Amino acid sequence: MSQATKRKHVVKEVLGEHMVPSDQQQIVRVLRTPGNNLHEVETAQGQRFLVSMPSKYRKNIWIKRGDFLIVDPIEEGEKVKAEISFVLCKDHVRSLQKDGHWPEAFSQVTEKDNNDRNRQTQPELPAEPQSSGEESSSEDDSDLFVNTNRRQYHESEEESEEEEAA
(Lines of atoms letter the chains of each structure in order from A and count residues from 1; the text may use other names and numbers.)
(Lines give C-alpha, C1' and ligand atoms only; values in the text may rest on other atoms or scores of the structure.)
Protein backbone atom coordinates (compact mmCIF):
# COMPACT_ATOMS: atom_id res chain seq x y z
CA MET A 1 0.00 0.00 0.00
CA SER A 2 1.42 3.36 -0.97
CA GLN A 3 1.96 6.12 1.58
CA ALA A 4 -0.81 8.28 0.05
CA THR A 5 -3.33 5.44 0.19
CA LYS A 6 -2.37 4.64 3.76
CA ARG A 7 -2.76 8.29 4.76
CA LYS A 8 -6.16 8.47 3.05
CA HIS A 9 -7.47 5.46 4.98
CA VAL A 10 -6.09 6.63 8.33
CA VAL A 11 -7.57 10.11 7.97
CA LYS A 12 -10.90 8.64 6.85
CA GLU A 13 -10.91 6.37 9.91
CA VAL A 14 -10.10 9.18 12.34
CA LEU A 15 -12.57 11.70 10.92
CA GLY A 16 -15.34 9.29 10.04
CA GLU A 17 -16.44 7.06 12.85
CA HIS A 18 -17.59 8.01 16.34
CA MET A 19 -15.98 5.62 18.80
CA VAL A 20 -17.13 4.83 22.33
CA PRO A 21 -14.40 3.58 24.70
CA SER A 22 -14.69 -0.01 25.86
CA ASP A 23 -14.29 -1.13 29.49
CA GLN A 24 -10.49 -1.35 29.25
CA GLN A 25 -9.99 1.83 27.24
CA GLN A 26 -9.65 5.30 28.75
CA ILE A 27 -10.20 8.85 27.59
CA VAL A 28 -7.11 10.95 28.31
CA ARG A 29 -5.90 14.50 27.66
CA VAL A 30 -2.47 15.24 26.13
CA LEU A 31 -0.23 17.32 28.38
CA ARG A 32 3.01 17.38 26.40
CA THR A 33 5.01 15.56 23.75
CA PRO A 34 8.50 14.59 24.93
CA GLY A 35 9.34 13.13 21.50
CA ASN A 36 9.99 9.80 19.83
CA ASN A 37 6.23 9.30 19.22
CA LEU A 38 5.51 9.42 22.95
CA HIS A 39 2.93 11.67 24.58
CA GLU A 40 2.45 12.46 28.25
CA VAL A 41 -1.24 12.25 29.12
CA GLU A 42 -3.50 12.72 32.11
CA THR A 43 -6.57 10.64 32.95
CA ALA A 44 -9.80 12.01 34.38
CA GLN A 45 -8.59 10.84 37.81
CA GLY A 46 -5.39 12.90 37.50
CA GLN A 47 -2.98 10.02 36.85
CA ARG A 48 -0.12 10.93 34.46
CA PHE A 49 1.79 8.51 32.23
CA LEU A 50 3.27 8.11 28.75
CA VAL A 51 1.43 6.68 25.76
CA SER A 52 2.92 5.55 22.46
CA MET A 53 1.62 6.39 19.02
CA PRO A 54 1.13 3.36 16.76
CA SER A 55 2.96 3.37 13.44
CA LYS A 56 -0.23 3.80 11.39
CA TYR A 57 -0.73 7.30 12.89
CA ARG A 58 2.89 8.43 12.60
CA LYS A 59 3.41 11.21 10.02
CA ASN A 60 -0.32 11.04 9.22
CA ILE A 61 -2.06 12.45 12.30
CA TRP A 62 -0.63 15.21 14.47
CA ILE A 63 -1.46 15.47 18.15
CA LYS A 64 -1.02 18.68 20.11
CA ARG A 65 -1.31 19.73 23.73
CA GLY A 66 -4.89 19.66 24.99
CA ASP A 67 -6.15 17.06 22.50
CA PHE A 68 -8.15 14.10 23.76
CA LEU A 69 -7.36 10.47 22.98
CA ILE A 70 -8.75 7.01 23.60
CA VAL A 71 -5.96 4.70 24.75
CA ASP A 72 -5.56 0.95 25.28
CA PRO A 73 -3.55 -0.10 28.36
CA ILE A 74 -0.26 -1.98 27.95
CA GLU A 75 0.29 -4.54 30.71
CA GLU A 76 4.08 -4.88 30.45
CA GLY A 77 4.85 -1.17 30.31
CA GLU A 78 6.63 0.60 33.17
CA LYS A 79 6.94 4.12 31.77
CA VAL A 80 4.78 3.72 28.67
CA LYS A 81 1.51 2.40 30.05
CA ALA A 82 -0.82 2.68 27.05
CA GLU A 83 -1.07 2.92 23.27
CA ILE A 84 -3.21 5.39 21.35
CA SER A 85 -6.16 3.67 19.72
CA PHE A 86 -8.18 6.71 18.60
CA VAL A 87 -7.70 10.47 18.32
CA LEU A 88 -10.81 12.44 19.30
CA CYS A 89 -11.72 15.56 17.34
CA LYS A 90 -14.28 18.15 18.49
CA ASP A 91 -17.19 16.34 16.84
CA HIS A 92 -16.28 13.13 18.66
CA VAL A 93 -16.04 15.00 21.98
CA ARG A 94 -19.49 16.56 21.48
CA SER A 95 -20.94 13.17 20.58
CA LEU A 96 -19.45 11.51 23.67
CA GLN A 97 -20.71 14.35 25.90
CA LYS A 98 -24.19 14.03 24.42
CA ASP A 99 -24.20 10.24 24.93
CA GLY A 100 -22.98 10.57 28.54
CA HIS A 101 -19.66 8.75 28.02
CA TRP A 102 -17.51 11.84 28.68
CA PRO A 103 -15.67 12.06 32.07
CA GLU A 104 -16.88 14.91 34.31
CA ALA A 105 -13.31 16.06 35.03
CA PHE A 106 -12.76 16.75 31.32
CA SER A 107 -16.11 18.44 30.74
CA GLN A 108 -14.96 21.32 32.94
CA VAL A 109 -11.68 21.52 31.00
CA THR A 110 -13.38 21.61 27.58
CA GLU A 111 -15.78 24.37 28.67
CA LYS A 112 -12.88 26.43 30.04
CA ASP A 113 -10.82 25.92 26.85
CA ASN A 114 -13.75 26.94 24.65
CA ASN A 115 -14.27 30.12 26.68
CA ASP A 116 -10.54 30.96 26.51
CA ARG A 117 -10.40 30.37 22.74
CA ASN A 118 -13.46 32.52 22.17
CA ARG A 119 -11.85 35.37 24.10
CA GLN A 120 -8.62 35.07 22.11
CA THR A 121 -10.17 34.78 18.66
CA GLN A 122 -13.09 37.19 19.05
CA PRO A 123 -12.14 40.87 18.78
CA GLU A 124 -13.81 43.23 21.18
CA LEU A 125 -16.48 44.79 19.00
CA PRO A 126 -19.70 46.43 20.13
CA ALA A 127 -22.44 43.89 20.61
CA GLU A 128 -24.79 43.64 17.68
CA PRO A 129 -28.30 42.27 18.06
CA GLN A 130 -28.68 38.74 16.77
CA SER A 131 -30.67 38.32 13.61
CA SER A 132 -33.64 36.01 13.49
CA GLY A 133 -32.10 32.83 15.05
CA GLU A 134 -31.38 31.32 11.63
CA GLU A 135 -27.71 30.73 12.43
CA SER A 136 -26.91 27.08 13.03
CA SER A 137 -24.06 25.43 14.88
CA SER A 138 -22.46 24.50 11.55
CA GLU A 139 -21.81 28.21 10.96
CA ASP A 140 -19.85 28.49 14.22
CA ASP A 141 -16.31 29.56 13.30
CA SER A 142 -14.88 29.39 16.83
CA ASP A 143 -12.96 26.17 16.07
CA LEU A 144 -11.21 27.57 12.98
CA PHE A 145 -7.48 28.22 13.07
CA VAL A 146 -6.49 31.83 13.65
CA ASN A 147 -3.00 32.87 12.56
CA THR A 148 -1.63 34.95 15.43
CA ASN A 149 1.45 35.93 13.42
CA ARG A 150 -0.58 38.29 11.24
CA ARG A 151 -1.98 41.66 12.17
CA GLN A 152 -5.72 41.74 12.60
CA TYR A 153 -7.25 44.64 10.70
CA HIS A 154 -10.73 45.62 11.72
CA GLU A 155 -12.52 48.04 9.47
CA SER A 156 -15.30 50.02 11.06
CA GLU A 157 -18.52 50.88 9.24
CA GLU A 158 -17.69 54.60 9.33
CA GLU A 159 -14.43 54.09 7.43
CA SER A 160 -16.09 51.95 4.77
CA GLU A 161 -18.86 54.53 4.25
CA GLU A 162 -16.25 57.28 3.79
CA GLU A 163 -14.41 55.20 1.17
CA GLU A 164 -17.62 54.49 -0.75
CA ALA A 165 -18.59 58.18 -0.78
CA ALA A 166 -15.22 59.23 -2.24
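Here the Cβ of each residue, glycine as well, is placed from N, Cα and C on the backbone.
As stated in Swiss-Prot, the feature motif 'Nuclear localization signal' covers range 56-65 out of the listed 36-45, 56-65, 76-85, 96-105. As stated in Swiss-Prot, the feature motif 'Nuclear localization signal' covers range 6-12 out of the listed 6-12, 20-26, 139-145.
Tertiary neighbourhood of the motif 'Nuclear localization signal' (56-65): same-chain residues 6-7, 10-11, 14, 30-33, 37, 39, 84, 87, selected by CB-CB distance under 8 Å and a gap of 6+ residues from either end. Same-chain residues at least 6 positions away in sequence with a Cβ under 8 Å from that of THR33 (phosphothreonine) are, in sequence order, HIS39, GLU40, ILE63, LYS64, ARG65.
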